[in-house]
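J.: Take a look at this one; I'll ask things after.
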Amino acid sequence: MLVKQVGDLLVLSALLLPFVVPLPVVPRPSSDQPSNAIRIRREVLPENSDSEEAVDTQSDRVQIIEYLLRYGYLLTRSPTDDQLETAVSELQEVLGITVTGFVDEATISATRAPRCAAKDVAHHKRPRRFVLAQSSRWAPEHFKGDHELQLKWFISKYTEDIPKRVIRSQVQKGFELWSKQIVINSLPQMSITFEEATSEDKADITLTWVEAEHGDTFPFDGSGGTNNILAHTFFPDYNVQSRLNGDIHFDDAEKWDMEPESAVFFPYVLAHEIGHALGLQHSKRESAVMHPVYKSTPLSELQLDIDDKCGINWNYVGPSHFCLFVWLMAEIVPLNVSHGSTMIPIDRLGHGSQAQIKGALKNVRIPRCQTSNGVQALTAQRLVKNLQFTTNEAEKYSTIACNFLAGLHVYRGRSNTTLDDSIETEFSAVHEFASDNTKVRRLVRRAERKERRGIHTVLSPEHFTNHFYDKFFAEYLAFKRR
C-alpha cells in the first residue's frame, strides 16, 4: 500500500544498513534482455577472504534494485541492462556522485545515508512538478490577500525522547525558517505566518508521534524496520475531505535526538518535512533543504537555498524571469573558482568581485544554441518536462534561455574549457518548478508588448548585457549567503 500510494504521501526514511565492502564485477548481459544484474565496479576481495563484511552479490543487487524501485528510478524488478544503467546514472546525479552508470562504493555509501523516503523520480504520463500539482498548494481560505499564507500548527502527541519544551521550541524555529527566509526582493512579496493553535481542531498542520498502525492506512514499520521510515507528511490538499492535509507524523518507535551526529536528528527532519507540508517536492540541488538526503545542520545554522525559495515563490506567487534564470544556473555544472590550492563554489564567493565570478564561469562548459546542434530544441523539452510549460510557451522561452546562455558566454570572456555544445552533459535537471500557465503567458505578453514599443526585454539578445549579469549575480549570491 505504501509503495502504491507514495505519490500522494510523502514518507521519510533513514537507510542505515552496514557499509558494504568490495565485490566482484557482475557480468553484463545483453542489453535487450531483462536482467537483475547491476554493474558493480569495486575491488575484488581475496578468494579466501574471511572478512565478516563480505556480502553476497545477489543480496547486494536486490538491495540496490529495491532502492531504485522505492525512489522511482525503476518501474520493474526485471529491468533491461540499459534501464539499470540509466537508473543508476539518475541516482548518482541526484545524490551528487560522479555519474558513471556503475554502482561503486560511493553509490553504495550514499544509499545508506539518512534520507527522505518520498520518491525522487516520478514516472507519470504528465511529468511530476517540483511541487507536484496545483492541488499541493494551500487552498484560498488560508490566504489573506494574494500572497499572504496564514497557517496554524499544533502538536497533538509528543515523543518521550526529547523534552516537550525543546520540541515546541524546535518546531517554532522550524516554521520560522520557512517564514523568514522565502522573500526574493525582485519578486512580488510572499509571506507565510505560522501560529500555534490552541487545539488540534483549530490547526492546519498537526504534528504527532505515533507507532505502527495509527489510523491513516500508512503504518510505520518500527525502529530498524524494512523500510526504516522515520516520518511521513501529507500534501496540503492530499484529500479535500480529510483532516490529514499538511499533517506531519513521526514514528515514535525510532529514537529521536537533538544531536547532529545522531541517526535520527529531529531538527533537520522537521525542517525538510515542513517544506513538504507547504507543497514542495524534492530538489536535486544538494544545498537545498528539499534535497532528499538529510544533513546534520542545526536550525540555527540552516539556510534555505535559492532553489527552496524559488520553489515556494514559483508555486504561490507564480513564474518569474529571475527564477527561470536561477533554474538555468542550477542546470549548468556547478561553478567553481580557483583560490590558492582549493576550489571554492561560486555561491560561497559572498561579495565576490566581477573578476572572481567571471573567472569561475571560465571553468564551466556552457551550452551554446546553434542551428546545427539542437540545444534550443532540447532546452524547450526541458522547459516542458521540468517547468511544466506548454509547447508554445516552451518554444518562446527556449529563445530566452538561449539568449541568457549566449550572453553568459560574452560576459565571462574567453573560456578555459573546450566548448561542448552537448546540453545533455551540461544540463543536469537539478530541479523542477510548477508553472501556472496563465501567469507564464502573461510574462510572455508583457515582454512582447515592450518589444513592440522598442524596449529590449528578455526576448532580445541585447537585454543580456554585462550590467544585467552584474545585477543578476549580485542578487543570486546575496540570496545564497542568507
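Every residue gets a Cβ built from N, Cα and C, even glycine.
Because the structure is a prediction, the values reported are computed rather than measured.
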J.: Given TrEMBL annotates D252, E254 as Ca(2+) 1-binding, which of D104, D120, D146, D161 belongs to that site as well?
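T.: Candidate listed by TrEMBL for the same site: D161.
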J.: Which stretch does TrEMBL mark as motif 'Cysteine switch', out of 2-9, 106-113, 114-121, 178-185?
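T.: In TrEMBL, the motif 'Cysteine switch' feature sits at 114-121.
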J.: What is the set of residues, excluding D161, D252, E254, whose C-beta falls within 8 angstroms of the centroid of the C-beta atoms at the Ca(2+) 1 site?
T.: T159, E160, W209, S223, F250, D251, A253, K255, W256, V264
J.: Give the number of CB atoms, excluding that of D251 (Ca(2+) 3 binding site) itself, located within 10 Å of its CB.
T.: 26
J.: Same chain only, sequence gap of 6 or more: which residues have a CB within under 8 Å of the CB of D161 (Ca(2+) 1 binding site)?
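T.: Spatial neighbours, sequence-distant, of D161 (Ca(2+) 1 binding site): K255, W256, D257.
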J.: By CA distance, which of the recorded positions (H232, D247, D251, E254, E273) lies nearest to M290 (Zn(2+) 2 binding site)?
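T.: The smallest Cα gap between M290 (Zn(2+) 2 binding site) and any of the recorded positions is with E273.
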J.: So if I draw a 10 Å sphere around the Cβ of H276 (Zn(2+) 2 binding site), how many other Cβ atoms end up inside it?
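T.: Counting Cβ neighbours of H276 (Zn(2+) 2 binding site) within 10 Å gives 28.
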